[in-house]
Amino acid sequence: MQKETQNSQIYYIFELSIFLSMEFFMESLLYLLPLFYIIFFLCNNFVFRKRNQCCYMLAYECYKATDDEEASRRLDSQSCAKIVFRNKNLGLEEYRFLLQTIVNSGIGEETYAPINIMEGREDSASLTDAIWEMDDIIFTTLDRLFSRTRISPSEIDILVVNVSLFSTLPSLTSRVMNRYKMRDDVKAFNLSGMGCSASVVAIDLVQLLFKTYNNKLAIVVSTECMGPNWYCGKDKSMILSNCLFRSGGCSMLLTNNNSLKNRAILKLKYSVRTHLGSNDEAYGCCIQDEDVDGYQGFRLTKKLTKSAAQAFTNNLQVLVPKILPLRDLLRYAIVSYYRNYTKTSKKSQMINLKTGVEHFCIHPGGRAVIDELGKSLGLNEYDLEPARMALHRFGNTSAGGLWYVLGYMEAKKRLKKGDRILMISLGAGFKCNNCVWEVINDLEDVNVWKDCIHRYPPKSIMNPFVEKYSWINDEYLSFVRFH
């Protein structure tokens, strides 16, 4: 009997200990639940979500005229001269300026112009002409992009189209959605008036959206409408654009879906945008305007160089600390401090960007733009070759120009896994928008350069009509006026 009592007491004590343990566990769990929630919240926001905020480029397609269009769209120097001589408002001084600019621009004989320009209707472009030009560039590149990636238009979640000099109703974004019958919940953006650097603006917009929406696919289309914006007056600050700008564009497919990472070619590392629109000189140095005779065009003033230098400097002050190794930043800071402290007359040591990036994708805005950027960054001819060749083959295609430069690097098999590419773009506003990409896999696609990459770089990019137009330098003909 005593033994049974002892057993019952032991059993009671055992049950009591279990009950107390369970009660302690439950109380502890009540205290630990908020801690677990905080840990999960932090991991979700700073670890898991950050993984889905990456911006990967799956593919891009630049515009190139089809074989049937080549003959009717090609704008060589002889065609340029014919267009120049059609302008009855010009005197010999204006002819001299235009022809000198054409032969010294660094632009070759195979660039493309809108149909209305080639057909002699530059002074009377219609809405139909503008829409046809946009449809040709946008739909050609998108058709090739969807075919190449095997991504259906119905899978696209974000669509950004940027064309600065043409705004129609409905928007070009709506026109794309209608053509490809995209979903009605697509987040669509139509960017206008952003200039030559609009492509980086559009990519930065997509990157910001990726921070909010997970596992999405985005399309960016960058081009420009040249047909209705041909200047037919005689103001030198406005006729310059006729010599530089050509038809072209690019469509890109981006994603933040990590399951597609293995298919990606590039990863966006950094993006920095600088806008000097609050400065009157910078705002007006590159602007759409009318001359005294009422002709509309694009005015480029002498303040452009100063504004571009200021915007570029401000941008690099933010971007450089992100891309350069700490040792180079410290070395630059120490040398600069020493020279300022000793008040030496020597210039500050130039930062070597090549320690942070391997390739420089410079906007092919013109030979002078490429030369000045190369000089300011201490780049050699190898670094500047892609921009020079893109300008020579395709001209200044505005916001789409960067991707022809990138395409040249890829066609030349320069881009290897782990390489970093600095994209530099300048545009009206005045803006400087730069970004850095990391190469995910070795890139060797010859893309739009397929038919001509074996000819680049040519031994000389001298314009073949230099001698033919040498008469324009004869000052004794200054009294002549052509009619």
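Backbone N, Cα and C atoms are what each Cβ position is placed from, and that goes for glycine too.
Annotated features in TrEMBL:
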type	residues	note
ACT_SITE	Cys196	active site
ACT_SITE	His275	active site
ACT_SITE	His359	active site
ACT_SITE	His363	active site
ACT_SITE	His392	active site
ACT_SITE	Asn396	active site
DOMAIN	48-335	domain 'FAE'
DOMAIN	357-438	domain 'Beta-ketoacyl-[acyl-carrier-protein] synthase III C-terminal'
TRANSMEM	29-48	transmembrane segment
TRANSMEM	188-210	transmembrane segment
Taking 10 A as the limit, how many CB atoms besides its own sit near the CB of His359 (active site)? 21
Have a look at the active-site residues His359, His363, His392, Asn396 and say which one has the shortest Cα distance to His275 (active site). His363
Could you say which of the active-site residues His363, His392 has its Cβ with the most other Cβ atoms inside 10 Å? His363
Using Cβ-Cβ distances, find the residues under 8 Å from Asn396 (active site) that belong to the same chain and are at least 6 apart in sequence, listing them in sequence order. Ile107, Cys196, Leu244, Phe245, Arg246, Pro364, Gly365, Gly366
Integer mean pLDDT for the domain 'Beta-ketoacyl-[acyl-carrier-protein] synthase III C-terminal' (357-438): 95
Across all the protein chains here, work out how many other Cβ atoms are within 10 Å of the Cβ of His275 (active site). 19
